[in-house]
Amino acid sequence: MLALDSSRQQQTSYFQDVHMDPALVDPFGFQMDNLGGFGQTSGPTSAPTSYYGTSPVYADSQLEPKTSAFPPMPPTPPSLPVPYSTEPYMSGLSSASGPSIASASSSAIGSPYSCTAHTFPESWVDTNHGIGLPAAVMDEFFPNEFMGSSLEADHTYQRKGPDDFVEHSNFSANCGFFLQSPDQSHLPVAENYSADHLSQTGLAVSSPMPNSGPHSRSVSIYDRRSSISSTNSRRSQLSPAASVADFDEESKEKGRCPHPDCGRVFKDLKAHMLTHQSERPEKCPIVTCEYHVKGFARKYDKNRHTLTHYKGTMVCGFCPGSGSPAEKSFNRADVFKRHLTSVHGVEQTPPNCRKRSPGASSVKKVSDYCQDATGKCSTCSATFSNAQDFYEHLDDCVLRVVQQVEPSEVINQQRLAEVDCDEEVKKTMEKHKLLDAAGDVDDEPEEDDDDYNELNLQLRSSKGAFKSNKANSSLGSRPIMGNHNAVTKNGKARATISKRRNNRDRYPPSWGCPSSSMKTKKRVLCVFDGQRRLWKDEMMLDNEFEVRLKLPGGAGDGTNREAYITDLDVETLKRAEGVLSANEDEKGPWLEGPATHFMGQPAKMLPALSHTHEDVDIDDLMS
């Protein structure tokens with residue numbers, strides 16, 4: 001293999017007798033007779049002490065005879081420019097020759113070692129003979145079993161299969177030869193290739209100084225096709241899927257809550273951080289609500305909760321039958337808003353953002369919905385041309401009504417305060433372990449949709465199931481009297497049926513109440529004189545015969561909200577007024593005990609009853 005002379009000044013250059021003539025242009029016209037003299041002298045004993053401190057690493061006797069006849073030729077031009085080549089600098093080389101045959105700067109063939117050309121064509125494949133021609137052409141002149149220069153510390157190109165030379169691992173670890181770093185001042189430096197640029201483009205800048213430690217064989221790259229273009233290929237771009245994945249990971253880390261006890265990921269991290277405040281600034285305007293004390297972190301959540309306190313009927317002015325018994329009515333604002341979104345195509349406006357530009361729903365007119373659509377707000381009697389404008393108006397309108405203090409609410413507060421201060425009530429509460437403690441209430445209102453009339457089984461807290469109890473912790477251990485005085489212990493909150501008004505015509509078929517027969521309304525009339533009940537009766541009327549009457553004074557709560565009453569209610573009140581407005585002669589004397597006859601003069605004479613406690617058969621009387 002490669003051996004060095006006694007001094008660097010006595011080294012023989014690659015081109016001793018060959019001059020730069022046009023014959024180099026034609027690879028097949030190249031004179032191969034003098035190639036034996038191109039190599040360096042093979043005297044290993046004449047190497048200077050600065051290069052070898054021990055016996056030579058490679059011996060010529062370890063190679064096959066046919067390989068020893070040829071000098072070591074540089075392999076395919078390396079991927080690095082000349083300034084970063086792993087070949088040691090030799091003073092005998094001229095600046096025109098370069099470290100390889102094809103790198104002559106004055107030749108007609110363009111050299112791939114030129115500093116201005118940083119990419120190599122595909123024709124520069126691994127040929128093992130350094131000329132840059134395919135192995136099929138140069139196979140008759142150069143054997144393919146050639147091993148690279150011993151000074152290539154990186155082992156860039158390796159043969160596939162068993163090698164015919166001794167591996168590095170067979171030598172001792174203290175082979176201890178050191179190469180002197182080449183003087184970079186003699187070599188041309190590329191302007192655009194710095195160490196930083198090479199590190200960014202993925203090209204490793206390797207020092208020509210091999211490691212003095214144990215040599216390990218590098219991994220062979222012959223498992224795939226190797227080429228200069230693949231070695232010097234630029235850094236591949238990330239695929240769109242990988243870019244999206246990296247972006248998602250980056251956005252997920254940005255949205256992660258920094259609170260040590262939380263650590264969850266939120267889209268709106270700024271809004272979530274408000275929930276970690278010690279005090280929630282937004283309070284519910286209803287004094288009796290426990291969120292008047294707890295509060296909310298965001299105004300949007302407070303307004304959404306306040307809408308649940310609305311007590312009234314909201315009529316959709318964009319559905320058919322508005323103003324008639326067939327109108328679509330709601331008793332909850334959130335359910336009404338879902339109806340506008342799902343049925344009338346209203347676009348929801350996200351919180352803390354601007355209103356959207358007018359769309360198709362904002363251009364529609366009232367007549368486009370249905371023939372009898374009014375577009376009227378049942379709360380404030382305002383008229384709107386489309387459902388989108390009414391949807392944006394609904395929150396402010398309902399919140400204004402809810403936040404108004406009703407006169408009856410003031411009276412209720414006074415009465416409740418008197419009960420809270422009563423000592424007897426406190427003793428009773430303590431006796432039954434009903435402490436005045438606020439229970440946990442979910443921030444989200446329960447899902448309720450009048451479009452689907454179903455019986456929802458929900459696990460509610462004891463405060464929701466039993467409104468008279470103010471704590472749910474004590475119910476878990478309280479014994480409950482069941483049927484036939486059987487004592488059972490309630491360990492968990494019992495499942496209660498949340499029944500809405502529109503569910504009253506959806507009873508199970510086994511009850512014998514088909515929905516077709518559920519068309520009547522029942523009015524129960526109870527007339528009292530102080531604590532004495534004077535009258536109680538029931539009246540049934542089919543919905544088809546019910547007539548709605550508009551109250552002239554409205555709802556009477558200080559707003560312009562319209563209110564309605566049926567003709568049956570009017571007739572029922574007339575009967576009550578007839579009883580209460582009767583004089584003493586018309587009422588007659590008050591009889592203690594159960595009554596044996598109807599009030600007033602009967603239309604039919606009653607049979608004589610021997611005993612006052614006997615029951616009266618109503619069917620016999622009415623027959």
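Placement of Cβ uses the backbone N, Cα and C atoms for every residue, glycine included.
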Of 255-276, 277-298, 365-386, which span is tagged zinc finger by Swiss-Prot?
255-276
Here Swiss-Prot annotates region 'Disordered', and of 26-51, 338-363, 468-493, 494-519 the range meant is 468-493
On the 0 to 100 scale, where does the mean pLDDT of the zinc finger (255-276) fall?
80
